[in-house]
Amino acid sequence: IFFISLPQFLIPFQMSGQEFMVLEVPHHCDTSWIRAVGPNLTEEEQLNLTLPRGADGAYEQCRRYSPVDWDLDSIRTYGLNATEECRSGWVYPAGQPPSLLTEFDLVCERKDLKDISQSIYMAGLLLGAIIFGALSDRFGRRLTFLLCIFIQGLSGVGAALAPHLYVYMAFRCVLGAAVSGILITSLSLATEWVGASSRPKAVLISHCFSAVGQMALAGVSYGLRNWRLLEIAGNAPLFALFFYIWVLPESARWLVTKGRIEEAKKVLQKAASFNKRTIPPELLEQLKAEKQSDSGGILDLFRNKQLRKVTLIMSLTWFADGLVYYGLSFNVTSFGLDIYLTQLAFGAVELPARLSCIFLLEWFGRKKTQAVFLLLSGLLCLTITGIPEDQPVVVTVLAIIGKFTATASFSSSYVYTAELFPTVIRQTGTGLCSMSARVAGIIAPLIRLLEEFHHAIPMAVFGSPPVLVGLLCFLLPETRGNELADNTGAAIPQPRSKNLEEMSKKDLTEDGADLKKDI
């Protein structure tokens with residue numbers, strides 16, 4: 001669990017790091033053309049002669065007066081009237097650390113490229129869910145996890161060295177695919193290596209590393225204003241995990257489903273040895289190869305009626321999770337308060353949100369916890385739409401609470417999904433659900449563009465689907481305390497009846513020796 005958690009510490013640097021690379025800075029059109037006729041002009045005189053002013057009296061940031069072939073005296077006497085876009089680029093404050101915005105001129109008519117770039121990264125997450133979910137089911141969790149770590153480190157450093165915006169976007173797409181692979185393979189490794197009572201702990205402890213990474217991002221981005229250094233800081237440390245090749249074990253449960261019984265015995269014996277335990281030989285002999293009739297393909301998710309219902313509802317759940325979670329995360333610059341403090345608060349609430357799920361999932365069950373948190377996150381977003389823009393503190397507080405419920409909902413989905421799908425198609429099912437969240441992540445930055453029509457529209461869009469899908473979650477089966485199903489024939493594991501548990505206890509009391517032998 002510790003090994004699969006370490007890479008998740010850096011994932012917030014990929015998810016939200018770009019928001020700190022495109023912070024708005026003062027800018028205006030490059031008007032150096034006038035220096036040819038007025039080389040001794042002061043900067044203020046140059047701007048006054050070449051830039052129009054807005055209604056507030058400030059210089060326009062995205063337009064300039066069209067260049068003319070007049071001498072300086074004629075320009076001063078008659079002035080300039082015709083305006084045009086910034087055809088020669090923009091000028092930014094001197095001494096400004098290089099940012100993604102200033103280096104690639106993501107301002108004025110190019111400002112939408114910021115959100116498009118974020119959407120391309122989320123498209124990479126979608127591709128990763130498609131590619132690495134299937135690869136993990138076919139070639140193993142361990143190999144896919146190691147491959148994704150290497151790809152993330154390589155593409156992250158490549159993005160930091162990108163000479164052009166479109167090269168940067170291409171590397172970010174590959175980076176997103178690798179991050180998606182890490183997320184879904186670590187989920188399967190965590191759930192398949194522990195028993196039913198420890199599954200929430202295993203999954204959510206790894207998520208807590210992500211919450212700590214959210215807080216670390218606020219500090220690192222505050223100290224590293226150079227976007228290339230920030231990109232390297234969020235990816236290069238992965239190369240230090242090369243030793244995983246020798247220490248990270250494969251899922252014994254996956255090995256059994258593939259008929260690789262001897263390999264499964266070896267990893268189980270290694271785990272027992274590490275924990276200073278011994279496995280009785282007769283117990284190991286009970287490991288039997290699963291029937292190979294289960295193909296474990298994506299179509300298996302829809303052949304069984306129960307699995308079909310679970311697949312559809314959980315896909316919608318992940319979509320709603322992604323929409324509200326990424327919608328709040330990507331809007332960290334829009335709530336009116338300091339972005340670094342807001343990011344720190346967002347990270348700080350994620351930690352208790354994920355930790356609380358460990359207990360809430362056991363106390364109230366998976367279904368109720370999932371549904372309630374999803375409903376609350378949607379309702380909070382809808383509440384924000386009614387808050388005036390001149391109340392940034394109120395908006396930020398509601399957004400932070402919304403981030404808490406959205407994070408808890410997302411964490412619940414990871415645990416719930418891993419328990420609902422059988423082992424042979426767990427990665428495929430999780431990958432399909434993850435695809436839904438990534439589609440939401442792709443459109444979340446684009447929804448922000450609707451602010452041009454009304455500031456409340458994005459939050460209304462982010463909040464509506466979670467409310468509707470939260471109600472659908474009550475149709476799902478409860479999985480608390482159930483053993484994981486291994487094949488599609490087992491479908492969804494049903495809760496054990498109370499009478500059966502009482503009978504088992506009675507039998508154990510009356511004939512404990514025979515029952516132990518049978519086991």
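Here the Cβ of each residue, glycine as well, is placed from N, Cα and C on the backbone.
These features come from TrEMBL:
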type	residues	note
COMPBIAS	498-519	compositional bias 'Basic and acidic residues'
DOMAIN	74-481	domain 'Major facilitator superfamily (MFS) profile'
REGION	485-519	region 'Disordered'
TRANSMEM	119-136	transmembrane segment
TRANSMEM	143-162	transmembrane segment
TRANSMEM	168-190	transmembrane segment
TRANSMEM	202-224	transmembrane segment
TRANSMEM	236-256	transmembrane segment
TRANSMEM	310-328	transmembrane segment
TRANSMEM	340-364	transmembrane segment
TRANSMEM	371-387	transmembrane segment
TRANSMEM	393-417	transmembrane segment
TRANSMEM	429-450	transmembrane segment
TRANSMEM	456-476	transmembrane segment
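Sequence-distant contacts of the transmembrane segment (429-450) (same chain, at least 6 residues past either end, Cβ-Cβ under 8 Å): 112, 115-116, 118-119, 122-123, 125-126, 128-130, 132-134, 136, 180, 183-184, 187-188, 298, 301, 311, 314-323, 326-327, 330-331, 334, 410, 413, 417-418, 420-421, 457-458, 461-462. At the 8 Å Cβ cutoff, the transmembrane segment (143-162) and the transmembrane segment (393-417) share fewer than 3 close pairs (sequence separation 6 or more) and do not count as touching. Counting residues 6+ beyond its ends, the transmembrane segment (456-476) has Cβ neighbours under 8 Å at 309-310, 313-314, 316-317, 319-321, 323-324, 327-328, 331, 366-367, 370-372, 374-375, 377-382, 384-386, 406, 409, 416, 420, 444, 447-448, 450 in the same chain.
The stretches the transmembrane segment (310-328) and the transmembrane segment (371-387) meet in space: the count of Cβ pairs below 8 angstroms, excluding pairs fewer than 6 apart in sequence, reaches at least three. The average pLDDT computed for the domain 'Major facilitator superfamily (MFS) profile' (74-481) is 86. With pairs at least 6 apart in sequence, the transmembrane segment (202-224) and the transmembrane segment (393-417) have 3 or more Cβ pairs within the 8 Å limit; the two touch. Residues 1, 4-6, 8-13, 16-17, 20, 186-187, 190-191, 193-194, 230, 233-234, 340-341, 343-344, 346-348, 350-351, 353-355, 357-358, 407, 411, 414-415, 418 of the same chain lie 6+ residues outside the transmembrane segment (202-224) yet bring a C-beta within less than 8 angstroms of a C-beta in it. Using a Cβ-Cβ cut-off under 8 Å and counting only residues 6 or more beyond its ends in the same chain, the transmembrane segment (371-387) has close neighbours at 317, 320-321, 324-325, 327-328, 394-395, 398-399, 401-402, 405-406, 408-409, 412, 456, 459-460, 462-471, 473-474.
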